[in-house]
């Protein structure tokens, strides 16, 4: 199951795709989980459910088990139970050490539980250093990692970070550390002791330090550690501690007695005051009751105090209309061209070519289709818009101290960024690592940002590359914050052509940049050397295991002959244990498509308060005294793969948080590309699509989802309906929409009021039906209402509907615990989505190569809107294949997905009434455009057939035909010029797009139609080919891949078209010159259209020539000989008459 589709991360309301798991929400179970005893060692034992569910269901829940128990009582896991190098042969007296323990010790006077805050921090320390594995029919194991990479981790958030070991004999625990990673030592003698042993020393050792034998001055662990300030809600009645989920739900439960705010919704600020809540630091201000009745207190008539209403309300976004001087002529030209096309096609049908009916018939059919295809493409472009965001207003509303948020903590919702990768050979780990570094350095509240790497390949190479990236982020991220570095992708930054020192005011910038550049060069060397390092390490461990196996066999066999021992060659991690994912040499349960689920928290969640660096501290040689050195959470995830299971593959926040933003399902950003050749030979930048088509769709219901660079509202991705929607009756629905009537239910609880699905008539959904849709994870299900609430816009204006009160999201996140990660392992297992609606109505939709377009279509079909956000600095940058073959395969995959959409229930002809008419046209064009290739290929052969036969598509080149042709060409050119004006693209980019439209249409699109028909008719599945993003072997030329010629059958149709047209031109000239009555007008028409075809195929022909300046001379020689031979052959077959005058007479109508 694709992790993106099965995410248990609904605590966060927004998901960003670059392509999901998030730990915080999944920890919100109210009952089961790890029980905290007087030491954290119990919290690392088995995990079992003890809630109100039946015992049979509880037994199916994941379990955290440690494979080996040390003398100190700690459980240390291994990737394989039979690891001979560490465990040896299991003797019967040691078998009992490997059982699963379920320990629950009740609290007694001699056994008092540790403070929940302290125990949670202890558990987080172990969880963040453990590799969790598990899945179908297997136990969830937590393998404690001594180190993740060969080099030493220095950042306190990083897994395997350097820390002191407990000095108690037989204990292998780590000493408790603070947010900076510094040891917390309870005694002045600095004796190193872990939290467990400290508790034992206090309870059983008389409170005496084991080192200096002096009594501890502080025997309370809470005082030693210095717990964080808690921002919790008041406890529920009865004194029973509130569960994590109950605490979160409590912020949404409406209270009828509360005074209503200007939005008419529950007033969060007064609730804070009257209940003496400590939600955020300090309480809200509220006038007295008599002031409310008299309208006093300096506020408005609705009872709002002056402090709340003194500032004018400012929107976060605004729509920038295209100037009327450009848009009006553009629309007028579209209407004129539509009329001219209609008249031309009517004239063509009426005036037949009696001499060549077959030629006339084919041309008319093709022209009718081209006219229909042009309409589908042009109509959605009638309403293009531009948008702008105001980040200053966003900061003022969400990150500035206010009466409801006195401390100025960020009130923005959580943001999860997902990076998907599948094959480290085709997607170089260095590229993925640079992407991760740019995300970690993003300008967003650190505590609200999380990054997830979804590795479908389960490769150790990707795992260790991400760990190296997390280590380098220790220097790169604070450097970016200190000097406002842009772009924040280190590879892009250090390859900038402009002056890097411009506008840098700090005196130490030059020194810092040189140091970071040197560190980055070393980082690249480590990343590029990982394949050899992993291979050498695995060979060394394998040789050691073979030697040990040989020794054991000789001891058993005594003097008998010993046969060579064959042991599966495993892939080994840096800490000397087996990698649970895909091995270099595949083996059972360790191959692509057959391995356990893996989760590793590379960087644990940061602290809630800023953590500033110091001068010259270890691991950070730069001066970061005024820089926040915290890093966002980074998690590596590889979902479980098993045979038999189908495995499917800040500015944006302004729109969602603005007035009316609750109806926006996703914000799509344009994709910009690096490493493209200067001429952009194969239109890799796709500027016409990203800057013309997508801006035009933004004026309707929004752009399509393109699979990357997208910001999602989580409840929209989960298949819910928007809080408000409109129904559109037909082509005039854009002007006369009908608002959908939704039944109101005043009794519906606030946390579920906005959750609806199309097949439910009632206003709210019954959450008891959620397991059938979302699976049996209570963590995930309970967090859905939280995600919906957090995604609401701020209720700071009377026009904001379905808003949330200010300051509601300033509560710190809960600490990471083992039950959370264990639940995540369950969710990423291959069986979790069975008999659920994942992939059908929930999450990313399965069954299509282009699941991104289908997913966006489903959201628009439910009434959600989307927004296209073009930022001044590119929000997302990526790489694209510049090789001709790779580019054709990429286009083939897109076109194949479009054909699948056309033959599925996702066809826009079957769209609901919530989708606007022009939006339907746009989605219809997405499914139909590959079929144009059939008519395009026929039309490309028509000039050659005309030259061969001596006929033309019309009886003669009349003035009427030429006039129509001229007007159609001029209107097309003028439309292109106006599109260039309002979109900002260049004429060269527009022409490159036209050229590749014909190249792709005559090659990949035709193959896509054939593959799609085979799948629909014969049920033959289409294999997914990952686009290669690696460069050529020539390191001296960054565009070396451009000149590599890789043969593919997709090249056959364009090559045949070029050869046939070239031969036809030669034959046509020969016939005309030697004919008795030369038909120059027919020759002129045929040659003109042949050159039109060849001009569009010029980049394709250039790609076949290979590297510039290296075209063999023999190519030109053979080309000339071939042309002469064909001409002489035609003359020999059909020689001219003796009295024929060469050249004849030329007449032009």
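Even glycines carry a Cβ here, placed using N, Cα and C.
Taken from TrEMBL, the feature compositional bias 'Low complexity' covers 1-18 (among others).
Residues annotated as region 'Disordered' in TrEMBL: 1-60.
Among the features that TrEMBL reports, compositional bias 'Low complexity' is placed at 35-60 (among others).
Under the heading active site, TrEMBL lists 456 (among others).
The active site annotation in TrEMBL covers 852 (among others). Within the same chain, residues at least six positions away from residue 852 (active site) with a Cβ under 8 Å of its Cβ are 705, 706, 707, 708, 844.
Per TrEMBL, the feature transmembrane segment maps to 922-945 (among others).
TrEMBL lists 957-976 (among others) with the feature transmembrane segment. Long-range contacts of the transmembrane segment (957-976) within the same chain, counting only residues at least 6 positions beyond its ends with a Cβ under 8 Å from a Cβ of the stretch, are 330, 333-334, 336-337, 340-341, 343-344, 347, 378, 987, 990, 1081-1082, 1084-1085, 1148-1149.
According to TrEMBL, the transmembrane segment annotation covers 996-1014 (among others). Proximity of distant same-chain residues to the transmembrane segment (996-1014), defined by a Cβ-Cβ separation under 8 Å and at least 6 residues beyond the stretch ends, is recorded for 682-683, 888-889, 891-892, 895-896, 898-900, 902-903, 929-934, 936-937, 940, 1020, 1022, 1049-1051, 1053-1054, 1057, 1093, 1096-1097, 1099-1100.
Under the heading transmembrane segment, TrEMBL lists 1055-1074 (among others).
Residues or ranges marked as transmembrane segment in TrEMBL: 1080-1101 (among others).
According to TrEMBL, the feature transmembrane segment maps to 1113-1133 (among others).
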Quickly jot the same-chain residues contacting the transmembrane segment (1080-1101) by Cβ under 8 Å, restricted to those at least six beyond its ends, or write none. 681-682, 884, 940, 942-944, 946-947, 950-954, 956-957, 992, 994-999, 1002, 1051, 1054, 1057-1058, 1061-1062, 1064-1065, 1068-1069, 1072, 1144, 1146-1149
Tell me, how many other CB atoms lie within 10 A of the CB of residue 456 (active site), whichever protein chain they belong to? 23
